[in-house]
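According to TrEMBL, the features are:
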- GLY38, ALA40, VAL41, ASN45, SER326, ASN358, LEU423, SER427: Na(+) binding site (BINDING)
- CYS144-CYS153: disulfide bond (DISULFID)
- 1-21: region 'Disordered' (REGION)
- 32-49: transmembrane segment (TRANSMEM)
- 61-83: transmembrane segment (TRANSMEM)
- 104-133: transmembrane segment (TRANSMEM)
- 241-264: transmembrane segment (TRANSMEM)
- 276-303: transmembrane segment (TRANSMEM)
- 323-340: transmembrane segment (TRANSMEM)
- 352-375: transmembrane segment (TRANSMEM)
- 409-432: transmembrane segment (TRANSMEM)
- 453-478: transmembrane segment (TRANSMEM)
- 484-505: transmembrane segment (TRANSMEM)
- 526-548: transmembrane segment (TRANSMEM)
- 568-588: transmembrane segment (TRANSMEM)
Amino acid sequence: MADAVKEKVSLPSISSSDSIPDKAKWDRPLEFILACLGYAVGLGNVWRFPYLAYRNGGGAFLIPFFLMLLFIGLPIFFLELYVGQFSGLGPIQAFSAISPFFSGLGYCTLVVITIISIYYMIIVAWAVFYTIVSIAGNLDWGSCENEFNSINCFSGEYDRLCRENNTGDSTDLTYYQQHCVSIGTICIETGFQPYDGKNCLNGSEVIPWFKNVTRILAAEEYFNERVLGRGDATWENWGTIQWHMVGCLALCWFVAFLVVIKGVQSAGKVVYFTALFPYVMLTALLIRGVTLEGAVDGIIFYLSPNWETLLEARVWGDAASQIFYSFGVAAGACVTLASYNKFTNNCQFDAVLVSFTNFFTSIYAGFAIFSVLGFQANLMGVTVDDVAAEDVGLAFVAYPEALLQMPLPQLWCILFFFMLFILGLGSQFAGIEAMNTAITDRWPTLRKSYWKVTATTCFSCFILGIPMCFSGGVYLFTLLDWNTASWAVLLIGLAECAAVSWSYGMSNALDDLKLMKMNFNKAQRFYWIAVWKFIVPLGSLGILIFIFVRWTPPSYGDYDFPLFADLLGWAVGLSTVILFPIGVAWAWHHGYRGKDLFQPTKAWQPAEKSLRELRSDSITTTEPVQLEHYDNPGFVMP
């Protein structure tokens, strides 16, 4: 056993040598809070939450969403902040230090954040493209006169002109197949009888006239054909490169490089803008939206509770998945951001503040979105359900179409798409920092030339993102999004909780938090112990089972991916967790056996230098005979 112990390798702590620069710190606690807000509050709050809310019972959805926040989102978020702040390390070294068994866990988070950063920047590039063309005044997504538009193209602006003199009779006009056509004529052409200006007659049944026809929003055709250049691209025929998207992607990564060029020292100043500006824009959109006719209908539709949906497993699964999607936990970014904190920063307060701000921001964004969609539905004479769209379609199809029908459409389009760009950029900062920290923690001397590390990270991610700038690139984007931020992050989040609460020990974790000047009352201790040890692991397993039970292969619009693409997606998902068992094998190879696999190494020590000597003297050996009266060798005091 003694020979095996001699072979064991523990990660080195950061040296104070003059040749190795000290790790940078946030200048102010507020900068860290804003950085977390910029990371957690992102595009998902604008397009994903509002759609999930109205699809899953409106106001009733807030109940499972809030419970998932309390018992999954907040606990994992705080746990990651604690790990990063206490150790001053990124996720790779932090989880390796807390337990050799979890040596691969940090690498899993690195793979996740790398993949997410690569494909997420594609969305930011879309927002940049729309911002540029909006500034130029080319709002062509409201036109059906582009060369790529089909006969079924539908424009709300064109329809408004057709409906100007309507009186509610079947002779009322609407825009259909690129002409103003009467509702009665459409009813006859689709096999029904005319009834009035909104319905056809099917025998004795009255049905909405638009339920029987094919209409494709001009904004949807613009997004697919002009922005993506999708055309007839398939997995077998990837199409041509879309140079306008390559240019926008390059611009995004260049701006990101400038923001993170000096790490937290430069980004800490930018987060004041990236975190706060979106709230200004959301407020402006909300104020303008609620003054429009039909806005109330949109808001009522958004929040009207359907309590019966709470009995459906899908609603709870969607709430949990949105928590992971919105918070960005289990990707290592939160650990990284917290590693730049001062040792005694109250990260519990930060976690609670950011979590609840994220929750209320999601609700707030829903008001802004659906007030405008209600206006559009009223203008078109349809229901809100007919103009709402899912995920990306809400931000780049439904909402832009609605903006065109508002007064001063160019102004509102510029503000909206620029807001999306800032939201996306704020989220990307943490991902870039996580990748950079993985490098500089491994080779601390590189901190001297941090800008070179940042340039390498940004350029590499840009190159890897170019395949998604081809005609068929949206298929690869969908595949990565479908398989990365789903079941894999649940396993990683579960493993993070197990590493802290079961391997390291809750008593030791609470002692660490006390060392950082965070004292908990009985209620707080009970809550953190309950969620970290039991609720999060069991809840994550339950959600994981739910995801696999209702799993559907990836698809985009009406295009179903071939089997090869589906298998590739599973390979992507597995790539995010395969390094965990490899990490276990690494620890075993370096001599860790039995209980030693689950004990912290000498690298697990306070980031505060004044506490390191006291801590290092406490770890004398990892021989089991020396540890029988202790939960953890890190707390064996001389």
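Any Cβ shown, glycine's included, is placed from N, Cα and C.
Curation plays no part in TrEMBL annotations; they are all automatic predictions.
Note that this is a predicted model, so its numbers are computed, not measured.
Contact between the transmembrane segment (484-505) and the transmembrane segment (453-478) is not supported: fewer than 3 Cβ pairs lie under 8 Å, counting only residues 6 or more apart in sequence. Cβ neighbours of ASN358 (Na(+) binding site) (same chain, under 8 Å, six or more residues apart in sequence): LEU37, ALA40, VAL41, ASN45, GLY73, SER326, PHE327.
By the Cβ criterion (under 8 Å, sequence separation of 6 or more), the transmembrane segment (352-375) is in contact with the transmembrane segment (61-83), since 3+ such pairs are found.
Take the mean position of the Cβ atoms of GLY38, ALA40, VAL41, ASN45, SER326, ASN358, LEU423, SER427, the recorded Na(+) site; other residues of that chain with a Cβ within 8 Å of it are LEU37, TYR39, GLY42, LEU43, GLY44, GLY328, THR361, GLY426. Taking pairs at least six residues apart, the transmembrane segment (323-340) and the transmembrane segment (276-303) share fewer than three Cβ pairs below 8 Å and do not count as touching. Between the transmembrane segment (32-49) and the transmembrane segment (526-548) there are fewer than 3 Cβ pairs closer than 8 Å, counting only residues 6 or more apart in sequence, so the two stretches are not in contact.
Residues 24-26, 31, 35, 121-122, 124-126, 128-129, 132, 227-229, 270, 274, 340, 421, 424-425, 428-429, 432-433, 436, 450-451, 454-455, 458-459, 461-462, 465-466, 469-471, 473 of the same chain lie 6 or more positions beyond the ends of the transmembrane segment (241-264) yet place their CB under 8 Å from a CB of it. Of the recorded ranges 276-303, 453-478, 526-548, the transmembrane segment (409-432) has the largest number of C-beta contacts under 8 angstroms with 276-303. Beyond the transmembrane segment (61-83), the same-chain residues lying 6 or more positions past its ends with a Cβ under 8 Å from any Cβ of the stretch are 40, 49, 52-53, 91, 94-95, 98, 309-310, 315-316, 318-320, 322-324, 326-327, 329-330, 332, 334-335, 337-338, 341, 347-348, 350-352, 354-356, 358-359, 362-363, 493, 496-497, 500, 509, 512-513, 528, 531-532, 535-536, 539-540. The Cβ of CYS153 (disulfide bond) has 23 other Cβ atoms within 10 Å, all protein chains considered. Of all Cβ atoms in the protein chains displayed, 24 besides its own lie within 10 Å of the Cβ of SER326 (Na(+) binding site).
Contact check: the transmembrane segment (104-133) against the transmembrane segment (453-478) gives at least three Cβ pairs closer than 8 Å, residues 6 or more apart, which meets the contact criterion. Of all the recorded positions given, namely ALA40, VAL41, CYS144, LEU423, the one with the smallest number of surrounding CB atoms inside 10 A is CYS144.
Of the candidate binding-site residues, GLY38, LEU423, SER427, the one lying closest to CYS153 (disulfide bond) when CA atoms are compared is LEU423. Cα to Cα, CYS144 (disulfide bond) and LEU423 (Na(+) binding site) are separated by 30 Å.
Taking all protein chains in view, 29 other C-beta atoms sit within 10 angstroms of the C-beta of GLY38 (Na(+) binding site).
Within its own chain, SER427 (Na(+) binding site) has GLY38, TYR39, GLY42, LEU43, TYR120, GLY328 as residues 6 or more apart in sequence whose C-beta sits under 8 angstroms from its own.
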